[in-house]
Amino acid sequence: MTGERWEFLMPSLGADMESGTVAEWLVKPGDRIRKGDCIAVIDTDKALIEAESFHTGVVEALLAGIGERLPVGTPLAVITGAAPAAELRPPTRGSPPVSPGEKTGMERRRREPSPAGGEHGPSWPHAPSPVTSPLVRHLAERHGMDAAAMHGTGPGGRVTRADVEGIEIPAKVKASPLARRLALELGVDLTGVHGTGRTGAVRADDVREAAARGSGTGPRAGTEQAVPGRAASAAGARTVGKPDLGRRQGLMRQAIARAMSRSNQEIPHYHLSTTVDMDTALAWLRERNRDLPVARRVLPAALLLMATARAAVEVPQLNGFWLDDAFVPGDAVHLGVAISLKGGGLIAPALHDAAGRDLGDLMAALKDLVARSRTGRLRGAEMTEATITVTNLGDQGVEEVHGVIHPPQVALVGFGKILERPWAVGGLLGVRPLVTVTLAADHRATDGYVGGRFLNAVDRLLSHPEEL
Amino acid sequence: MSETGTTYREAMREAIREAMRRDERVFLMGEDVGAYGGCFAVSLGLLEEFGPERVRDTPLSESAFVGAGIGAALGGMRPIVEIMTVNFSLLALDQIINNAATLLHMSGGQFGVPLVIRMTTGAGRQLAAQHSHSLEGWYAHIPGLRILAPATLEDARGMLWPSLEDPDPVLIFEHGALYALSGVPRPGPVDITRAAIRRSGEDITLIAYGGTVGKTLSAADALAAENIEAEVIDLRVLRPLDDVTIMRSVGRTHRVLVVDEGWRSGSLSAEISSRIVEQAFYELDAPIGRLCAAEVPIPYARHLEEAAIPQVATIIAAAREVVTS
């Protein structure tokens, strides 16, 4: 123990966030946590966000109660100095807390001398290295976790894929396929729906009932508990309470209203647009997808995102924030992706380092981001770190988007629908798939010339998709 | 039997009689179909009416007389071959699968086999394991065959003629427990392509065929008393399956129980269940239920035989299970 002490503060999870509510604690006093572990679910009015710890240590006390609305910066929990790294293990919900002095059975077993004696080397008892597969090591690394320090549930204390993913991926809700489809259509968060199936499964009627309750404005909706009590969490489910949809949507609308009003009042927008011939890009994509299983195929939308990200690398003046009368460039291109929620509302979480990914990876990340946005399971960093935002309304049949910048960002890129149109190529008229790309940019940070360079870069990148 | 009423057995006999009157190429052959009038008395009186040329008793060799039927069909006749039970048809599997089902394909489309084979299937009559199995699911596996399972008087009366008109082999499975079924058949055309909805409901789709249709309808009536409105599909055609009717129903009810007197493993019920998952996954609000025969040779003892196959009470319980799961 180093004796250090930190306060975990109500995070600012968006430029427009003034206060938040702890919707769920993911840790309890005595839990050991690592830097980057999600320790609380914060309700920001726009979404339920998992907030991460900036420190490694032990949770000493939780200061904020569930459901308490607190201003940004209010201390929520106290974390004390780090225990030796090898003993750390991420909090696993449902398992009994392990006090610092106590060792788990698994650890004890590892420390017992093996029958083979010293053959395994003297370092063994001090540096337990549970056997893991390359996949598990890879996953752990990707999630920023140390597999060697984790508590393994596999044979012989082996850290399994489930151990790694169990921490990263929210517990699954048991719901029928129809219930899942309805939840998506009605914008109902399944994690908060009470299942009436014999084994607790959420069924279609449960979703309909939750939707009806959520959208109702009667006294029933008003008296509904907005966040879960601890009893719900203790039941083992990763419940984030019955989302009071009406209230949530109202608050989300207000949050969007604040951000957009601020944008319109403060940001002198300029708008540019260009039309891009997608023929080469779509042909290339078809060829690329031909031999891939459906799950790994890349949609044109991902190609457009990738082109935007790479263009933002080439024209960094559009990638960053306008803060205190100066432009602060982003450390990488964290691409905000505008995602409309089925129940109404909009959020634009970030695809981290989009330009540094390969296309398949970007596609996978996009799918993951959309899925988590719609179930309200985004991480804090994803809500605040976007450096430039893309909105694609092509699905809605929109031909071009004249966007409003999300402050404090300085640019918003819009894509319309890819449409077949007459188009002159090499002096001949042909029918080509075209998309209109628009740029809304902050005139304080850049001028039209920079914006033009950016759109040119998008055009060029989409004409050479093999380089993406 | 009332004046205008009939039985399944009589309806079947009437269908054969009508076909033989309409088309002189039609003839009936099988074990004991002539002098004895058929093991289940379906062909009683036909020998007297049509003579030994057209109602032919055969030796106890399924392979030989099914093969003869295939030859006759190739030669331009329209034979109706009766096999006593599906268990005995195993002796003719080679003729049915390697010849009847394949010749059109093997001859590059030159030779169709317009053969109709009728056979008894199913349990419930204390005839023990070698006479009581439901192997129609096996035949439904074979491309080149059309497999029918008449469950009503109308289908018993009406399915034979379109089967004889079919240029390819058609197998008709008559559940042994149905022969005594009586009533007044509703007149009207009968197809051999579609499943039929025998009862409408919106809470669960019960899929049955042949011998389990009646039990399933009784179960649906009992379920209605519990406020569970079941839709009952009579498959009628086991190959090719009528996916459209099934999926539309699942789209309305979102819950399914398949009732099949065949064994569960590798069964027709498994095929139907898979297709629903493939084609209507996002309509499902509960795991698909299956109620099949116990995986044992069908027992002789009455109480064990009853326990081995779907019954009204077990259908009700299984449907309730799906609705509440």
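Glycine is treated like the rest: Cβ placed from N, Cα and C.
Owing to the predicted nature of the structure, the values given are computational and were not obtained by experimental measurement.
Annotated domain 'Lipoyl-binding' per TrEMBL: A:5-80, in sequence order. Each residue in the domain 'Lipoyl-binding' (A:5-80) gets a DSSP state, and the totals come to 0 helix, 40 strand, 36 coil.
Among the features that TrEMBL reports, region 'Disordered' is placed at A:87-133 (among others).
The compositional bias 'Basic and acidic residues' annotation in TrEMBL covers A:104-113.
Among the features that TrEMBL reports, domain 'Peripheral subunit-binding (PSBD)' is placed at A:131-168 (among others). Each residue in the domain 'Peripheral subunit-binding (PSBD)' (A:131-168) has a pLDDT score, and their mean in this model is 66.
Annotation source TrEMBL lists domain 'Peripheral subunit-binding (PSBD)' at A:174-211 (among others).
Among the features that TrEMBL reports, region 'Disordered' is placed at A:210-244 (among others).
Annotation source TrEMBL lists compositional bias 'Low complexity' at A:229-238.
Secondary structure of the domain 'Peripheral subunit-binding (PSBD)' (A:174-211) per DSSP, as helix, strand and coil residue counts: 21 helix, 2 strand, 15 coil.
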